[in-house]
Amino acid sequence: MMQKPDLFGFFYICHLKGEMMPELPEVETAVNGVSPYLTGFVIEKIVVRNSKLRWEVSPQLTQIAQQKVTALSRRAKYLIIHTTQGFIIGHLGMSGSVRIVAHDSPIEKHDHLDIVMNNGKLLRYNDPRRFGAWLWTETLEDFHLFATLGPEPLSEEFNAQYLFKKSRKKTTTLKSFLMDNRVVVGVGNIYANESLFLCGLYPAKPARTLTKMQAETLVQTIKQELTRAIQQGGTTLKDFLQPDGKPGYFAQELQVYGRKGEPCPKCGTKIESSVIGQRNSFFCPTCQPKNYCRNSKKFIGF
């Protein structure tokens, strides 16, 4: 049984059952929660118990000592710890968790890495499936994993003109298109489902059929939904907790995600689900009509 952390409720990701992957609001909540216990303090050492994760833990991390943490930030799903000499890049993968505990907290199974601070606390990383990563880079500009990432969804760069242009000639489904980190980062399964419902767009609609007006509405809705989710501490479906140990409350605001068979909040039609891009998708067949002519292989009515 995992000991309950004293400061940071762990954030755990279950892909196969709960499908809860850490997207922008959840990672942003984590960054905001741990930042007060890291920023301005000095890293005494980093203890690596198991370096064999998705990628080998950067050997430079075990050599870090007496480096001050100047800031914490997020890029896509990555947690970034800024230090006086470089950047520690963390990714929680599919089953990872981070929590703040005291130096003398007992080590639990699958606790692979500790970032030990000079304030009596440490950031502990736990990952049963070992699909996360902890890496080091001296500059963010040259970090290879960031090279192909699209813009942040809350940035000015992510706008209707950009989305419409990117969608041209894309034969993939609209939902898969929105979840492609090369197009835009951080719009995961939950927020893609919710945004498409609010815009009345069928999730399996080909991305290339998106109109300029739909792109405008979709961008505004995505920004709105992500902002609301951040304000409410993310979405708790299974094991995600805020830094104070409380659940994220945005789950109470979900309109269609995880509500198969329930009445649509707009029209009362039963919510349906299907698998799109290997992920469960939820939609209202009335509010999000297919409007698809199989013979002509074109969407109509848009």
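The first residue you see is number 1, and the count goes up from there.
Cβ coordinates are placed from backbone N, Cα and C, and glycine is handled just like the others.
The structure displayed is predicted, hence computed values, not measured ones.
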TrEMBL annotation, DNA site containing H110, K170 - matching residue among R75, R129: R129
Helix, strand and coil residues within the domain 'Formamidopyrimidine-DNA glycosylase catalytic' (22-132) as assigned by DSSP: 20 helix, 48 strand, 43 coil
Within the predicted model, mean pLDDT of the domain 'FPG-type' (255-289): 94
K170 (DNA binding site) versus active-site residues E23, K77, R279 - nearest by Cα: R279
Distance, E23 (active site, proton donor) to R129 (DNA binding site) (CA atoms, angstrom): 19
Alpha-carbon spacing, E23 (active site, proton donor) to K77 (active site, proton donor), which is rounded to whole Å: 6
C-alpha spacing of K77 (active site, proton donor) relative to H110 (DNA binding site), in angstrom: 21
